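Swiss-Prot lists 183 with the feature active site, proton donor, giving sequence analysis as the kind of evidence. Marked as active site, nucleophile by Swiss-Prot on the basis of sequence analysis: 252. Summarising the annotation, Swiss-Prot assigns domain 'SUEL-type lectin' to 742-828. Residues or ranges marked as N-linked glycosylation site in Swiss-Prot (evidence: sequence analysis): 23, 153, 253, 350, 379, 492, 667, 799, 803. According to Swiss-Prot, the signal peptide annotation covers 1-20, on the basis of sequence analysis.
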């Protein structure tokens, strides 16, 4: 009987193994490309970070990425989110990594899993848990036994989770590549010989995990074998792998840029982004990933920096809420379709490059069956008229023309035929003003007068070491006794604090002295305010506030946070200055604020504390206050936002779930923006910035899954700086207007994102000019009324498609042979 059971079990295991092998995918590489089941592939990937959206959003985001022409989704794995306390793991909700990978698989796409576990990503502390920093003798990202043990433990856990669910391609899953470490080549020189030894250890450790697919290391020249090195940046056309047997791969094509509090809004044109992609494939690239394809939202306190905003929109092809960012999404989709059609020549063809002069080159990829060509003009100012294979081509400055058959131009990166969608905020049907209740941050007086804390230490301690990043807030409290005989005593005294707190609030004897906010990245500063002291005991309470922990740079984990001192009382007696250093005094430390500790934002806890919420005398501009209001969820399925204009700084919760930090009172500089953006020339994060002199972030994403469709919802605010909640409003995000520019002999497609096209505001066929919202007819017009033509085709429809031709819009002899274009603006 036992033998029979053994034989049946053995047969079952053999069948399972055979089934797994039959469905497995062999992923490898050669010098040209990643190979899948022995075939070289063009792979088009996009970054979607699972914790920066909700699990309900994942299918739609992935579907839109697929519709946009991607075949691969890339994500980091966020260590501090999954292991907030040592050996205590969280893979629930939007941290359900397995579910995310399976959602990718269900869509028929591949996945790239960047385990790191250092991620940078403008994520708090670069993805490292702060408890790791607080372990004895700890140093990150170098030969350090404690760090290496913890890194290997987490990496192994993630790998085993993927293996248990058969998610690697070698098991029949979607994961075709995995990444160990991240951009270490940018900092390796700071670590000396130990840096080289560490990266070798990373490679050996990763390779020992036997995942059955290749490992990559981004920004890692001369990566240890068998790791594949890759490129990150705005452009990687000039990149060449150090290892001649490695393919040319681009793991981060930055589609825009992130925002800092106090910073302007970044914008990278569709023309320039498409140019960077086409140039990369023209010069031999075969794998390209958009960072980000969907940026999303830094919910809760996950934003890093310091000073990274709650919005992580990144000007990506899918905006923060999951809408198509047009024309970027559509312009890239057209390019992706062509690149996929050219896959065989690009991966197997012989390559020849022809210099056509004045920074223009033609590249021919040729097989026996097919040839495909690119004509690239990297001149940032001059258009080019070139003759190639006996035909003339007009190639605008800073653009690439794509010729799938080496004869007819099918696409040019500078000629955008895709619509531009103007996203607007639509007011909801709710009453304009919410009915608020409020309460102060209770027992604050106990803290600032008595110095009652959680920890007592002699001297000043770094904020990370005390809080373990459990809170943005840490009280530093001490007492000092003064009498008339004290040498420092005078009528003119001040408090001087050398600080690395991102925001500092100071109290002396229960009185608020003032605050200091870091501006222009000057995180090491001196705070000094005049104070009124008394004979006897004086109480000092300093509230240090962090706004995201540093996430990048060599040894960034040891960068100071909080009040590092010295802290001094300064007495001025005529020309004489006398200082009393309090840095080595006994200090009391209190982690967090009482409202946070009692979870006033929680739906379970908020109504059960002994202090009631008040409905009377709603205060404005009151520091350290809590506000709460009920509201109904906006109707429909459009994304929901909350307008926090009028508030100062703090955190906001919807039904107990944090949607992030807010700071609408922090405006960007009045300088550095441009009214018109020239796509030509190299892009940088400051180029084409807009929204100068405006709040860095005014609107905050409220995921639909956070809301109750029926009944009441609750918004809770903690206001740190003082603001007016009466101006807070909920709105939905909709496509308000759509514009399009299309060259003759192309098609124009218009869509209002599931809303009907209601009217044609402008249409002209000929030589119109201007930008969306300010189009103007030119000197040459088609014979037919373009507005009527477009209205007949489009009004009342969710979308419409038209051929742009003289036959459709009428010819006009006055236009001559000059190229004609159609400009259209419709209302939704």
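The backbone N, Cα and C atoms fix where each Cβ goes, glycine too.
Sequence features annotated in Swiss-Prot and their locations in the structure.
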residue	record	Cβ contacts under 8 Å, 6 or more apart
23	N-linked glycosylation site	172
153	N-linked glycosylation site	none
183	active site, proton donor	120, 218, 219, 220, 232
253	N-linked glycosylation site	233, 234, 236, 273, 276, 277, 280, 288, 289, 290, 291
350	N-linked glycosylation site	365, 366, 367
379	N-linked glycosylation site	358, 359, 360, 397, 398
492	N-linked glycosylation site	530, 571, 572, 573
667	N-linked glycosylation site	262, 693, 694, 695, 696
799	N-linked glycosylation site	749, 750, 751, 752, 757
803	N-linked glycosylation site	747
The domain 'SUEL-type lectin' (742-828) [mean pLDDT, rounded to integer]: 91
Residues near residue 252 (active site, nucleophile) by Cβ (under 8 Å) yet at least 6 apart in sequence within the same chain, in sequence order, are 47, 218, 231, 232, 233, 289, 291
DSSP-derived class (H/G/I helix, E/B strand, else coil) of residue 153 (N-linked glycosylation site): helix
